[in-house]
Amino acid sequence: MTIFDNYEVWFVIGSQHLYGAETLRQVTQHAEHVVNALNTEAKLPCKLVLKPLGTSPDEITAICRDANYDDRCAGLVVWLHTFSPAKMWINGLSILNKPLLQFHTQFNAALPWDSIDMDFMNLNQTAHGGREFGFIGARMRQQHSVVTGHWQDKEAHTRIGAWMRQAVSKQDTRQLKVCRFGDNMREVAVTDGDKVAAQIKFGFSVNTWAVGDLVQVVNAISDGDINALIDEYESSYTLTPATRIHGDKRQNVREAARIELGMKRFLEQGGFHAFTTTFEDLHGLKQLPGLAVQRLMQQGYGFAGEGDWKTAALLRIMKVMSTGLQGGTSFMEDYTYHFEKGNDLVLGSHMLEVCPSIAVEEKPILDVQHLGIGGKEDPARLIFNTQTGPAIVASLIDLGDRYRLLVNCIDTVKTPHSLPKLPVANALWKAQPDLPTASEAWILAGGAHHTVFSHALDLNDMRQFAEIHDIEIAVIDNDTRLPAFKDALRWNEVYYGFKR
């Protein structure tokens, strides 16, 4: 059972009565065949549900209205099987508030060269029916995605599936509640922002809860529940001698388990799926939540440190998008550099809170060590290295008049040396196109020091995210050149200024 089981995507066929009952019967038959095949063979993340043909303005408007009010409907996939005059779609599209994808396909893959006649031509008109639909979308400034390809093509399946993930994620985001335990780290700028504007734009709400409210729940956790969770730790991780039974840090592990159980109970009771903490506001907690946060992220919660609610929300959104995909997604911070000509590297980490979903396959190490920040007892944490391969780091920032999403494509590499004195999980990567270009572009665009790191998602996913939410995206990859990047930022300033 995943979040995608809670949603469905409606498959809508556009046509008209001009072609007669027999043509419409064949259109319906084709649509049923295509939907059944896609549900069976395409490995889509959620189910396609075929709706009645849209052959008149009233029918189309009714479908769009029903989609808006059906909580299970994540979006619409539209196929213009025949020509469907686009003025029929205006009223429906004008009220539609769910994501929209045009599947530009046709029932047959190859032309029947020897038998093709005008009946065939009239039945299979995607080539120009799709263009008519595209015009009205452009005329109405309607955000919608387009996938072109035969319905049996695996590349088309992959792209439809990726769009479905965006559609479901958008619906989940409209219900997302972000809990901030305490406020921002004092005097930090980028983690702050306009929470009202964020709720208007994305749909998620952000509210603060006193740490004392959390402490009450934490203190109510029973020893029996703690013992059961400790047993899970024992089977899942490699415990250092200090954290094992009779070890001098065993009580710190028990306290970490108490905090984890309390945090999870608090989040579940409040319906929260993302949260923040800050080391400057820990009154009543015996240690900074480290292990607890790591494990909650692995369970799908969004998180960011120092009150950074934008990154916490983005992490939850990206975890929903990547559900079931290979690779993990985590809170991350660009921490320190390795400057070496031709081999510049970034070491990413945080004080404690890196998600084990990005870890290498062997068991993480559970340890308790001193943390000089926060003034509390030594916290428990999981220590691991990260899987290698292509990845992205993404940052969502508030520019006052709009949101900007920054994405840097990176290549995660194996740590060339052991890190015996580094007591935190970490990731090592090469930034594309190179560290000087990537860091300078990131800084010029205002990117945060906190990011969401993902092996599971790629640049195309984040482009779709930006498009579906109508926000600016700034991309740093192997094609980036600083003069052109600076120009793009200037052009975006003008473009989004005109849109206000």
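From the backbone N, Cα and C atoms, a Cβ is placed for every residue, glycine too.
Per Swiss-Prot, the features are:
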- Glu306, Glu333, His350, His450: Mn(2+) binding site (BINDING)
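Cβ contacts within 10 Å of His350 (Mn(2+) binding site), excluding its own Cβ and spanning all protein chains shown: 23. Annotated Mn(2+) site Glu306, Glu333, His350, His450; additional same-chain residues within 8 Å of its Cβ mean position, judged by their own Cβ, are Ala304, Gly305, Asp308, Thr311, Phe331, Met332, Met351, Glu353, His449. The local packing around His450 (Mn(2+) binding site), expressed as other Cβ atoms within 10 Å of its Cβ over all shown chains, amounts to 25.
Secondary structure at Glu333 (Mn(2+) binding site), taken from DSSP and collapsed to helix, strand or coil, is strand.
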